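To start, the structure under review is shown below, and the notes come after it.
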Amino acid sequence: MTSTDGILAGKYPAKAHARRVVEYLRQNGFQGDGVLYLEAQKTRMIEDNDSEQPFRQRRFFFYLSGCLLPDAHLTYHISTDKLTLFIPPLDPESVIWSGLPLSPAQAKELYDVDEVLYTTDVNPTLAHLASKVGFVFAIDGQISDDVSLKSFPDTDKVALKTAIEECRAVKDAYEVAMIRKANDVTSQAHVAVLKAAKSATNERELEAAFIGTCIAQGCREMAYHPIVASGTSSATLHYVNNDEPLIDSSTNKKKLNLLLDAAGEYKAYCADVTRTFPLSGKFSPESREIYDIVLEMQTESLAMLKEGVLWEDVHITAHRVAIKGLLKLGILRGSEEELLEKRVSVAFFPHGLGHYLGMDTHDTGGHANYADKDKMFQYLRVRGKLPAGSVITVEPGVYFCRFIIEPYLKDSELSKYIDADVLEKYWEVGGVRIEDNIHITKEGHENLTTAPKTADQVELMINGS
């Protein structure tokens, strides 16, 4: 048994999370006793159909329960430190179709809670708690019509959501183990795609190889819709068609590269991994040049990562590496400082360096500022210093997207910084992105992603070595 498996053999630390949330509320002015109230996602039916929609648990509820059941509820009484889970009672009509549901006794063994009751006990329990305490925290829009909080003198429907969002930014050992597990499975799936690349003829075959491996290894859900982008489609950041042939019809040869941004989700926790590789098994000279720049962008960014580092500084470092590399190739002209000041590198690296990762792919607590007038930082999803315990993606890229770059070429001020003749050789490269998931520690960082990454490793894997 690995250390990850050993950690995950225990219960999800729901009560510790409840205590952390209360501590945050107290640090932000709440005093006295109170109750936290949360609801799971409801079972919903597909419109005009008798089948259920795919289920995705509410993350706020899961953080304080570890429970993936639909239609459940929870209460946490602050002064008694009592966490109660409410699960749906047995419905005889559904047993013939779905089997027996989890019993309260089974749920008590499975989850880190003090008591398990049926959902028919929600309102009586809330009324009893209201007779003892005056304050209940809930989330606006996540309170069922048949649930009454009116007996509480005071109700706050804002602070709890904020508190959980902020607490989620720092992961405990169990959460990191969940993300590591998702990464282990995801890395295996990336390897499966590398091995299938030479014989595949369409993007969808590689998507199938990825998803099939994830399911077989324990990640039944994808963290997000896979991006399987061949050829110049790799210049589109969130390409999702995944249905194009891998052969270029104009040359009858395989397209240069494939960008695979795909990851599994393990029990509500996500990975987020990107690799770019040559479909032929060998990078073209231009592709290899860009790949090496992007890998260096990531390498220098990773070297900076530790508790307290300013994420904006890491992002700027990645841009500096991109500028140096593109200057060396002759794509850019001018001085490094002038190119940085004019934000010319944003034409080739238009997105943020990364984002927090956890129960959501773009996890909470990043404090993005999409209204920032500085286009270098406008799409940076994390602002400020990185705390120990956070998990963040590091995903630099260089893209040759005509829609983004051509306005620079037409701009009388900015066009002088880009050599259009040299650039012409690189349009076919499309885009290169490399993405790993990094756990920030007090001493530095830990890379949770193990998928092959260097150009030589990738080529060897595709060619069966």
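The backbone N, Cα and C atoms fix where each Cβ goes, and this holds for glycine too.
Feature annotation from Swiss-Prot assigns Mn(2+) 2 binding site to ASP261, ASP272, GLU435; the stated evidence is similarity to another entry. Classification of GLU435 (Mn(2+) 2 binding site) by DSSP places it within a strand.
Among the features that Swiss-Prot reports, Mn(2+) 1 binding site is placed at ASP272, GLU395, GLU435. The number of other CB atoms found within 10 A of the CB of GLU395 (Mn(2+) 1 binding site), across every protein chain shown, is 24.
Each of the binding-site residues ASP261, ASP272, GLU435 was scored by the number of other CB atoms within 10 Å of its CB, and the largest score is that of ASP272.
Here the C-alpha separation of ASP272 (Mn(2+) 2 binding site) and GLU395 (Mn(2+) 1 binding site) works out to 9 Å.
GLU435 (Mn(2+) 2 binding site) sits 4 Å from GLU395 (Mn(2+) 1 binding site), counting Cα to Cα.
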